[in-house]
Amino acid sequence: MLVTGDNSLQLFLGWEGVGLASYLLIHFWFTRLQADKAAIKAMLVNRVGDFGLAPGISGCFTLFQTVDFSTIFACASAPRNSWISRNMRLNAITLICILLLIGAAGKSAQIGSHTWSPDAMEGPTPVSALIHAATMVTAGVFMIARCSPLFEYPPTALIVITFAGAMTSFLAATTGILQNDLKRVIAYSTCSQLGYMIFACGISNYSVSVFHLMNHAFFKALLFLSAGSVIHAMSDEQDMRKMGGLPPHSLLPMP
């Protein structure tokens, strides 16, 4: 529904479905206190993002009187000079795109709303591979790429997207270097790669962003599963400082 929907209402319903499924998967070990906290944190941070997405979709409907993507994209150039009010010189299309970006930032763990992503590692490793490689975190990038004809009109929104992606990519990568937990390192790596995708959208290279999204889904899922194999072999130990001398014993997951 999220990917195949041809209107913003179906996209929103699929968006919320992905968030609910992710909450339940992170909460898989429901007897663990940390898993409970991580699931609730992921849900709350994503709800903050939805406070941007829902008004953005409502603004699209108010401005274009439709939720159909093809109609919205065809009419996007018409209201580009419309303003929110007489006392506030803010372009309507710019405001809508900024609100949609807030929703995408919450789902794709961009700077300011990235804290839920490392904590989501409390779930089983296959769940981490699913959430951080192919489903939840990529939904925001997909939404921006899906609405790319709308984002092309306000240059201010593209500048904000570019800076958000660049800052996320840099800060997440540098933070990941300081981690000792194997799965948290990979989680910060995911945030950094998502920053690259958002950055590509900000400079209007949507095809590059989606191409990297597809590549990232494959290699990051394999990386998580390989990490899970190593953690299982180490009796559920995730501290990388205690993983010396592993290559002879883990040739399959660590070629």
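Here the Cβ of each residue, glycine as well, is placed from N, Cα and C on the backbone.
TrEMBL annotations:
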DOMAIN    7-247  domain 'NADH:quinone oxidoreductase/Mrp antiporter transmembrane'
TRANSMEM  12-30  transmembrane segment
TRANSMEM  88-106  transmembrane segment
TRANSMEM  127-145  transmembrane segment
TRANSMEM  157-178  transmembrane segment
TRANSMEM  185-205  transmembrane segment
Stretch among 12-30, 157-178, 185-205 sharing the most Cβ pairs under 8 Å with the transmembrane segment (88-106): 157-178
Sequence-remote partners of the transmembrane segment (127-145) [C-beta within less than 8 Å, at least six residues beyond its ends]: 2-3, 11, 15, 18-19, 21-22, 25-26, 28, 49, 53, 100-101, 103-110, 117, 120-121, 151, 161, 183, 186-187, 190, 194, 197-198, 201, 206, 209-210, 213, 216-218, 220-221, 224-225, 228
